[in-house]
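What follows is a set of notes on a single structure, which appears directly below.
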Amino acid sequence: MDMILIEKIFWATAAALGFATLFTVPRRTLWAVAVLAALGYGIRGLALEAELSLVLATLLASCSMGVVAIQFAHWVHTPTTVFMAPAVIPMVPGIYAYRFMMGLLDISTQQNVNPQIVAETASNGLVTVFVVLCLAVGVSLPSLLFKNKSVKEIRLLRRIYKV
């Protein structure tokens with residue numbers, strides 16, 4: 001792990017804590033927000049360095065965050081959404097959404113539209129949609145899979161934590 005990724009993890013954690021404060025998350029859960037943000041951004045960064053696509057890396061990171069959040073929810077006696085929402089916000093693809101919106105503005109204001117601009121705009125829009133979809137699926141899937149089970153009944157977590 002290089003220093004650039006460590007710096008990105010630091011700033012993603014700081015942003016997540018900022019959003020947690022904005023959303024008035026209870027103080028006792030701020031450590032969970034920080035750990036989940038660092039974990040998610042770190043996993044996504046390592047997956048991107050391993051040359052996975054941004055969409056798959058985001059899905060892997062958000063699913064990992066969701067599984068760990070189930071354990072954190074048990075420890076702090078708080079629903080997972082309380083600390084998951086601010087933790088995933090730094091992984092939202094803002095630059096792709098910005099380029100998509102700017103491309104739409106370029107297309108709507110030009111009379112002779114360049115096909116290159118249309119292709120780039122569509123690509124940026126699709127990346128934005130798929131990454132946000134992967135964030136939503138990754139955050140909610142572990143909770144849906146283990147909906148009727150307590151933390152002590154989940155085999156995966158039992159093997160990890162030897163509960």
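Cβ coordinates come from backbone N, Cα and C, glycine included.
The structure displayed is predicted, hence computed values, not measured ones.
Per TrEMBL, the features are:
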- 6-23: transmembrane segment (TRANSMEM)
- 9-144: domain 'Threonine/Serine exporter ThrE' (DOMAIN)
- 30-48: transmembrane segment (TRANSMEM)
- 54-76: transmembrane segment (TRANSMEM)
- 83-105: transmembrane segment (TRANSMEM)
- 125-146: transmembrane segment (TRANSMEM)
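Comparing 30-48, 54-76, 83-105, 125-146 for CB pairs under 8 angstroms to the transmembrane segment (6-23), the maximum falls on 30-48.
Counted over residue pairs separated by six or more positions, the transmembrane segment (125-146) shares fewer than 3 Cβ pairs under 8 angstroms with the transmembrane segment (30-48), which leaves the two as not touching.
When pLDDT is averaged over the domain 'Threonine/Serine exporter ThrE' (9-144), the result is 92.
With helix defined as DSSP H, G or I and strand as E or B, the domain 'Threonine/Serine exporter ThrE' (9-144) counts 118 helix, 0 strand, 18 coil.
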